[in-house]
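Asks: Feature table excerpt (TrEMBL):
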- 179-188: compositional bias 'Low complexity' (COMPBIAS)
- 2-91: domain 'Fibronectin type-III' (DOMAIN)
- 96-193: domain 'Fibronectin type-III' (DOMAIN)
- 198-306: domain 'Fibronectin type-III' (DOMAIN)
- 404-448: domain 'Fibronectin type-III' (DOMAIN)
- 179-199: region 'Disordered' (REGION)
Amino acid sequence: GQPMNLRAEAKSETSIGLSWSAPRQESVIKYELLFREGDRGREVGRTFDPTTAFVVEDLKPNTEYAFRLAARSPQGLGAFTAVVRQRTLQAKPSAPPQDVKCTSLRSTAILVSWRPPPPETHNGALVGYSVRYRPLGSEDPDPKEVNNIPPTTTQILLEALEKWTEYRVTAVAYTEVGPGPESSPVVVRTDEDVPSAPPRKVEAEALNATAIRVLWRSPTPGRQHGQIRGYQVHYVRMEGAEARGPPRIKDIMLADAQWEMDDTAEYEMVITNLQPETAYSITVAAYTMKGDGARSKPKVVVTKGAVLGRPTLSVQQTPEGSLLARWEPPADAAEDPVLGYRLQFGREDAAPATLELAAWERRFAAPAHKGATYVFRLAARGRAGLGEEAAAALSIPEDAPRGFPQILGAAGNVSAGSVLLRWLPPVPAERNGAIIKYTVSVREAGAP
């Protein structure tokens, strides 16, 4: 006879439990179970000892199986029951969404698209998707997540993102049981935008009557929103608090090698062809491929008055061996009286000395050493400050050294038959030129 009341119940996503009643008045020694996946799968058999319940394991999630059971007695195999069908429970998807792609639509938005996981990995009815994203390098351990995306949707727009920022994006599919694995991360950068902050540490100073030097640093890295391609310096002439005339612009384009974001780089520009004793308002803005960013606060600088020209300067060596510098006032001293002179002088290979001289002085004598080149620089001081600098140089011929090397000491017992001798060259004033070699004389003490 057949087993009676065969029933099937899903135990989990991979197992189904069977129960039945034994055939009446039969001596059952084994049961034979046959089952297949759906209607077309290959039938698989299980043989087990007499019992009234059996759990079939290692099945596929969310899959229907067909079961039939027969009892075996010493006389042979009996008739199989009618087919009983049951479906395993759903499971989480075993594969992530496929072909996840990200496209930056603007500086604050990314379009994310995907395809569903392969059908055989759904393990149930897909109830939705989620997309997870976070900036690269973010210290926040939990990414932001868009949940409850309908199962029929295969793209979503992420908005309110940070500008010019790389994001790590993944997608996940869900069944009622829960989420499947994350897709492989896709890294995408939002588009550039104009800088939202001005350059930092903007300084401006008048160099002379017609030039102003402007210094600055790049905007804060988090506010650059793109590759800084260059800077624009805007300047306009001021009369009181009012601008006079249209603003003028000078542009600095950065070389490709400077496009890397560098927080420490300092930039400089000299604005020329300005008017003396005139106020100028100066602002600086950085720009990306998207355009100019915010301008710095205006810096108002007044150019200096017109400075004096170069004095007439000459230097010659006296018979006694010293140097004598002579000069005449600049040609324009009649309109702008000379208030004094600044003289810098010294050896070419050393730091110069600086002297402030009276307006009536016309000469200066300085000691000199043979074999050295001396440089004199002279500027007249007027109402607007130091004028243009005149320079003169004089080289004195070399001679034999006037001084001797300074012996530092001798160390014996360096090795048998040798002594280590150390010395310094003569002091600069006694070298009379460039030392090219030394002669060492040695004799045994007490010897003639």
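Just so you know, glycine gets a Cβ as well, placed from its N, Cα and C.
Keep in mind that TrEMBL annotations are predicted by a computer and have not been checked by a curator.
Note that this is a predicted model, so its numbers are computed, not measured.
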Asks: Work out, from DSSP, the number of helix, strand and coil residues along the compositional bias 'Low complexity' (179-188).
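Replies: Taking each residue of the compositional bias 'Low complexity' (179-188) in turn, the totals are 0 helix, 4 strand, 6 coil.
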Asks: Is the domain 'Fibronectin type-III' (404-448) packed against any residues at least 6 beyond its ends, judged by a Cβ distance under 8 Å, and which are they?
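Replies: Sequence-distant neighbours of the domain 'Fibronectin type-III' (404-448): 347, 350, 369-372, 398.
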Asks: Count the residues of the domain 'Fibronectin type-III' (96-193) that DSSP assigns to helix (H, G, I), to strand (E, B) and to coil, and report the three numbers in that order.
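Replies: Tallying H, G and I as helix, E and B as strand, the rest coil: 3 helix, 50 strand, 45 coil.
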